[in-house]
Amino acid sequence: MTLLIKNANVLDHGIVDVFIEHGKVKAIGEGLEENGQHVMNAEGQYLFPGFVDVHIHLREPGGEAKETIETGTLAAARGGFTTVCAMPNTNPVPDSSESLQHVLDRIQDDAHIRVLPYAAITEQQQGGELVDFDSLNNQGAFAFTDDGVGVQSAHMMFEAMKQAKQAGTSIVAHCEENTLVYEGVMHDGHKNIELNLPGIPSVSESVQIARDVLLAEATGCHYHVCHVSTKESVRVIRDAKCAGIPITAEVTPHHLLLTEDDIPSDDAQYKMNPPLRSKADRQSLIDGLLDGTIDCIATDHAPHTEQEKSNGFLHSPFGIVGLETAFPLLYTHFIKSNIFTLKQLVDWLTIKPSNIFRLPYGKLAVGHVADLVLVDLTDEQVINPNTFSSKGKNTPFAGWKLQGFPTVTILEGKIVWRKDEVHV
């Protein structure tokens, strides 16, 4: 398929045409000639590289009531994402060649966009026995993580890092010291006291990051920290980078935007792990992005059923959805207020996550794969979870008025989602 996108606003190029052939960008310039190819007029819109999310939960296999590969990747396409990396807390867990192949087969059959699956670090994510890193890496595991829980044993993490280093892959970590969680359901600050709910101390996250960066230094393994949420964690990561330790980190849109002060009541739409922290933590995350301590933005898209999320903080699962709201949330609240530049935001959603994991995506340039998203920065909508493509409607952002919504998503030169087009 050939595609000519006319009059698009491309960062670093201005208003140009983009010609796509055989799944790659063939030319970028003004006045490119039409020669019978499909032509799309993008006047008034920005054309970005397709967004890359290195942290989502598709729930399939085993959790299809919450989300499926089909619905989750359609939600991703609607949000402008062309590559997503799926966490392994499924049933079965991708901890063997057979279970990983099962996931790969389902992706091949049902995904609207590119899905790169993680494999677990330990069997069944139980922390007891390491998986076969070489076998799973060779089979196509994106990287290795026990996300959803922290690896509690320093010995186990040390051995995992040694094997990951030998296999040429990465360890990706949900950092949480279980003995410091105290069955908490929200941040241990002032809001949990007000609501009479058990709190999760910030140190439960930062202490495990501190342990792991020293293990990464000892092994030389690339270590990526999921959903950083505290100022202490940012400090540890910054110090580790200054010491030359191979560490990278991500932050979520919700931790950049919300704090414990935004929780209105015992409403589990605001329950996620790590929890919404303090204003000082939020500011440290913003500062960490701006100074390069934090490398990229990832949604931690975590769908649940409406029934599951209707039982308050004590009895509802952690997690919110994020694929369909990420860009407009960040554009509206950080670009329009001049906290970030548009180029910074796009980089944190494209080339930065790609570079962390050496992926050949996230770049709009001649010769590169044509994963692209058209965005109308003037399009204003009110967030209505009932219109989500995701099965998950669990969001704290319902009713927010936002600008900057995707209109077309392109994967390898093919249109995989278009605004107002019905998908069944």
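Note that the numbers count up from 1, one per residue, in the order the chain is shown.
Including glycine, each Cβ sits where the backbone N, Cα and C put it.
Mean predicted confidence for the domain 'Dihydroorotase catalytic' (44-233): the pLDDT average there is 98. Annotation source TrEMBL lists domain 'Dihydroorotase catalytic' at 44-233.
The Cβ of D147 (Zn(2+) 1 binding site) lies under 8 Å from the Cβ of H55, M87, P88, N89, Y118, V172, A173, H174, C226, each of which sits 6+ residues away along the same chain. As annotated by TrEMBL, Zn(2+) 1 binding site applies to H55, H57, D147, D300.
Around the Cβ of H304 (substrate binding site), the same chain contributes K66, S316, P317, G319, G392, N394, each under 8 angstroms and 6 or more positions distant in sequence. Marked as substrate binding site by TrEMBL: H57, L58, R59, N89, N273, H304, F318, G319.
Taken from TrEMBL, the feature Zn(2+) 2 binding site covers D147, H174, H227. A coil conformation is recorded for D147 (Zn(2+) 1 binding site) in the three-state DSSP classification, outside any helix or strand.
Annotation comment: TrEMBL describes D300 as active site. For the recorded site, D300 (Zn(2+) 1 binding site), the DSSP three-state label reads coil.
Counting Cβ atoms from all protein chains shown, H174 (Zn(2+) 2 binding site) has 22 others lying within 10 Å of its own Cβ.
Sequence-distant contacts of L58 (substrate binding site), defined by Cβ-Cβ distance under 8 angstroms and a gap of at least six in the same chain, are E67, T68, I69, G72, T73, V84, A86, M87, T90, V115.
In the three-state DSSP reading, F318 (substrate binding site) counts as coil. Cα of R59 (substrate binding site) to Cα of D300 (Zn(2+) 1 binding site): a span of 12 Å.
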